Amino acid sequence: MGQSVVVLGAQWGDEGKGKIVDLLTEEIGAVVRFQGGHNAGHTLVINGKKTVLHLIPSGILRNGVLCLIGNGVVISPAALRKEIEELEDTGLEIRSRLKISPAAPLIMEYHIALDQAREKAAGGRAIGTTGRGIGPAYEDKVGRRGIRVADLHYPDQLAEKLRAALDYHNFVLTRYFGVDGMDFQRIYDEMLVFAEYVEPMKSDVAGILHDLRKQGKRVLFEGAQGTLLDIDHGTYPYVTSSSTTVGGALSGAGVGVQDIDYVLGIAKAYATRVGGGPFPTELDDKIGQGIRDRGVEYGASTGRPRRCGWMDIVALKRAVAINGITGLCITKLDVLDGMDKLKICIAYEYHDKRSEYAPLDAQGWEECTPVYLEFPGWNESTHGITSWEKLPPAARAYLCALEELAGCPIGIVSTGPDREHTIMLHDPFA
């Protein structure tokens, strides 16, 4: 039987999953995206060259690796085509290696208009979405009015479904938000063009995954966003619209729990968050700004500055428990170089009581005050180090503390953006 590893974010996203997925894809059969859409921004740096992927799995830069987009992903036709063409312009062969589930929902133009109208109307109460139609597309999926890749094969039924969806969404756009509605014919014509384009890539992703496992191939499941943004387990309502946990990998790709052999949780050596929502360890001072500057903490998809703070073990332990994380990968250790002291949040003060568990609602999180342990920093550079023994003693002590406090072993440490800037303590496929 083959081996399968799930790679997912153990914080609020932006943990560096793309680099780690690329690192682990050297000798595997396939990489599969199972949730989210082009709101993801997975940055890969190989020999100093930067590539940012939004929809296509990070294994695409490895020759011969099959890249799959599962039924749990919402697909923007325009974004997908743009990303494919940009990669093909670099000389990569894409379409023969990219397989897309017919059950994947499409992000339509009216989803984007609705997303942006909502955020504008919400003002200071906005969730902080990317404005790319992700949430409304998932709403249509659950509301059973979504248009899926499979629908493109049937022009008459597509027209019928599109008219029904437009009747609903144009009413909301024009009557509730007071913005322009969408034109049926233009969108329909665009969908017919996309139907022809995507047809050769359409394939039974779940079936491919089952066959690969029987053939003894290695498969990597690539998560987007992070556990604390999960629609069920995150800081609701300041969450994304999909399941970012290991449960999302099962339902979003079409595999069973017995098909997963290892869950790798990715976490930065500190913490970041984009958009609104509670963030107990946030540093709204020069220390936080310093981390942002050194870590280049700006969104790969939106360019928005990320909020920065100390490592939050309470939140990390929750991610470990929810996902059954087998091992952790700690990224961006080098960003902490040169800091006099470091802090790790080990508990919260909540309503005059100390708790090592996170509240289950956003308001509760907002009312938490972090309890910190302080650690000495280090002046030596860790950038590009590939051996545990060569890390400064204080850096090793910090990582050992993270491991002990989280109750989960650290298998990988990333010391820079390049594929080679990595300390491999345990290979998830070993």
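Just so it is clear, glycine is given a Cβ too, placed from its N, Cα and C backbone atoms.
When other Cβ atoms within 10 Å of the Cβ of Asp14 (active site, proton acceptor) are tallied across all protein chains shown, the result is 28. Per Swiss-Prot, the feature active site, proton acceptor maps to Asp14; the stated evidence is sequence analysis.
Residues annotated as active site, proton donor in Swiss-Prot, with sequence analysis given as evidence: His42. In three-state terms derived from DSSP, His42 (active site, proton donor) belongs to an extended strand segment. Within 10 Å of the C-beta of His42 (active site, proton donor) there are 25 other C-beta atoms, taking all protein chains into account.
The GTP binding site annotation in Swiss-Prot covers 13-19, 41-43, Arg306, 332-334, 414-416. Other Cβ atoms within 10 Å of the Cβ of Thr43 (GTP binding site) number 19 in total over all chains.
Annotation comment: Swiss-Prot describes Asp14, Gly41 as Mg(2+) binding site. In the three-state DSSP scheme, Asp14 (active site, proton acceptor) is classed as coil.
In the three-state DSSP classification, Arg304 (substrate binding site) falls within coil. Non-local neighbourhood of Arg304 (substrate binding site): Val274, Gly275, Tyr298, each in the same chain, at least six residues away, with C-beta under 8 Å from its C-beta. Summarising the annotation, Swiss-Prot assigns substrate binding site to Ala300, Ser301, Thr302, Gly303, Arg304, Pro305, Arg306.
Taking only the Cα positions, the spacing between Asp14 (active site, proton acceptor) and Leu333 (GTP binding site) is 14 angstrom. For the binding-site residues Lys19, Thr302, Pro305, Leu333, Thr415, a Cα-Cα cutoff of 10 angstroms around Gly41 (Mg(2+) binding site) retains Thr302. Within 10 Å of its Cβ, the residue among the binding-site residues Lys19, Arg306 with the fewest other Cβ atoms is Arg306. Look at Lys19 (GTP binding site): DSSP puts it in a helix. Taking the Cβ of Gly13 (GTP binding site) as centre and 10 Å as the limit, one finds 26 other Cβ atoms among all the protein chains shown.
In the shown protein chains, 19 other C-beta atoms lie within 10 A of the C-beta of Gly16 (GTP binding site). Looking only at the binding-site residues Lys19, Thr43, Thr415, the one with its C-alpha closest to Pro305 (substrate binding site) is Thr43.
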